[in-house]
Amino acid sequence: MLRLENIDVHYGATQVLWDVSIEVGEGEMVAVMGPNGSGKSTVLKAAMGLKKPSSGRVVLDGEELQGRSATVRPRRGMSIVLERRRLFPRMSVRENIMLGGYARPSAEAHRSFDWVLDLLPEIRPHLDATAGKLSGGQQQMVAIARGLMARPRVLLMDEPFLGLSPAMVKNVFAIMKMINGEGVAILFNEQNAKLSFAMSHRGYLLESGRVVLSGSGEEMLEHPEVKRVYLGVREAVS
Amino acid sequence: MTEVFGRRPFLVLALLAAALLVVPFLPLNDYVLHILTVFLIFSVFATGWNLTLGILGLKTLGHHAFFAIGAYLSAITAYYGGVSPWLTVWVGALSAAAAGVFIGFPILRIRSMPHVAIVTLAFAEIVRLVFSNLKDITRGELGFWGIPPFDPITVGDMTVRFGIGNAVGSFALAAVFFLAVHLALLLLLTSRTGLTFLAIRDSETAAESLGIRLSAWKLFAFGVSAAVVGLSGAVYAHYVMILTPTSTAGPEMLITLLAMIIVGGVGRFFGPIAGALLLTVLSEVLREFGDFRMLLYGLVIIVFVFVAPHGIAGLRLGRLRKAERAEPGTAGAT
């Protein structure tokens, strides 16, 4: 349903992505894994239209989106949970979530709001709290709720576990599984190889702005290079 | 949005309306009524500017240009065209809105806030020079005098007159104008439009990712803000009945209004009203010091930036925050 084809991205004169191609199928969970500075976030920004690719195509259900602004995506069924949540800190939780339904008609947004709260009931007691005062984990819940308000078919998640405690990582992980179980495809990026590939149908390994490896989650976990470099497993010397 | 509007903004506005209703019945002389009239007009100016400066987060420094455009266009249309000021004030407001959208286009392309400040400041200087050099029409710095006041209104046996010599009528008109503009803006900003502005201020990336069209909304905000400021300029013109380019679009106006917003509270809806009251009164008290008043304004700005960066309105909010912190359960563990 979502395809990034041969994407190049530049920041000024500096190229950060080279010929990146990534595909997310209907209802799939897809991970983009890589070290710091490998271009993972830029992949998601290019997909969402927040960073314009210098070449290549972004195709959602056959419609080319690469030349169109980010504001079109939520109306086409795409949504993003940004890195470090990027909540509107001085607004209430309710206002933050409602803004997630900005691209939808008011009645539909109110229905989405009920649906989101049914999915994430732990948010309900904090609806009138100021978003910036919540803990990191609670803010991540709100960010996910805001992302779901557009009722996306593809949800992009930029470093969803960043800065969270191990317990909260487990919680967010479970929520991602649950959302995916609702039929929402998820494209996310993460630095932790084990976490990324264990939970995804498919994965991509990004290094210095290039896709160097791709395959199913299992294949990625079993790949010797991933094991050696990212999981710290040494091959037995024969 | 509590931070911007407080907990009960409509109640606050109703209390302000009640206070203004009482004023004409108090034993105040014409001079005090004049100061209050100027305060009300400048409050609208400051609130209009605060819309882009504080609520949208665009660091613009040229709104005194819109004040001058509103004032001069309304005055010129009324003076030369013989049109009633009741109609020409809208010419002033619309001209200022058009100028706001015009200058808004290049600003949208500028990411750096210092550059936004410089461009808007330069725009104001251009406007001042234009009005200064159109001597055949505006008489330049000699002053454009003879501007007609608002036409009198007759209610039963009573005729209410306006303009600088009619203190009670002018105060009543300024009060209605003040309340109407603030009510309209409050209705606009407490709706989804206000949330949209605040979302843009807090994170343009997040706002855009939610489907908010940044350019369109910024232009809209700029247009509304300029229209409000232009309208205040037009009302001012038909009240004082004389204008000079420097008194409307000069640096003194910039510093005075900026001080009102900073002292009152940038980004707080009611902040600029408090700032306008304090500094209009201060301005009159210090009138005998002439231009040295500007030094004191500068000092007041510096003190507020360091001691109370959120202005007078922020002082009250600070207490609200302390109270909220005392309430358990607003935040949990990560």
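Using the three backbone atoms N, Cα and C, a Cβ is placed for every residue, glycine included.
Residues B:65-81 are the range that TrEMBL records as transmembrane segment, among B:14-30, B:65-81. With Cβ pairs under 8 Å as the measure, the transmembrane segment (B:219-242) is packed most heavily against B:87-108, out of B:35-58, B:65-81, B:87-108, B:115-134, B:254-282. Across the candidate stretches B:35-58, B:115-134, B:167-189, the maximum count of CB pairs under 8 A to the transmembrane segment (B:254-282) is reached by B:35-58.
Contact between the transmembrane segment (B:65-81) and the transmembrane segment (B:115-134) is supported: at least 3 Cβ pairs lie under 8 Å, counting only residues 6 or more apart in sequence. Just going by CB pairs under 8 A, the stretch in B:87-108, B:167-189, B:294-312 that sits most against the transmembrane segment (B:35-58) is B:167-189.
For the transmembrane segment (B:115-134), the list of distant contacts is 58-65, 68-69, 72, 99, 103, 106-107, 140-141, 245-246, 248-250, 254: same-chain residues at least six beyond its ends, Cβ to Cβ under 8 Å.
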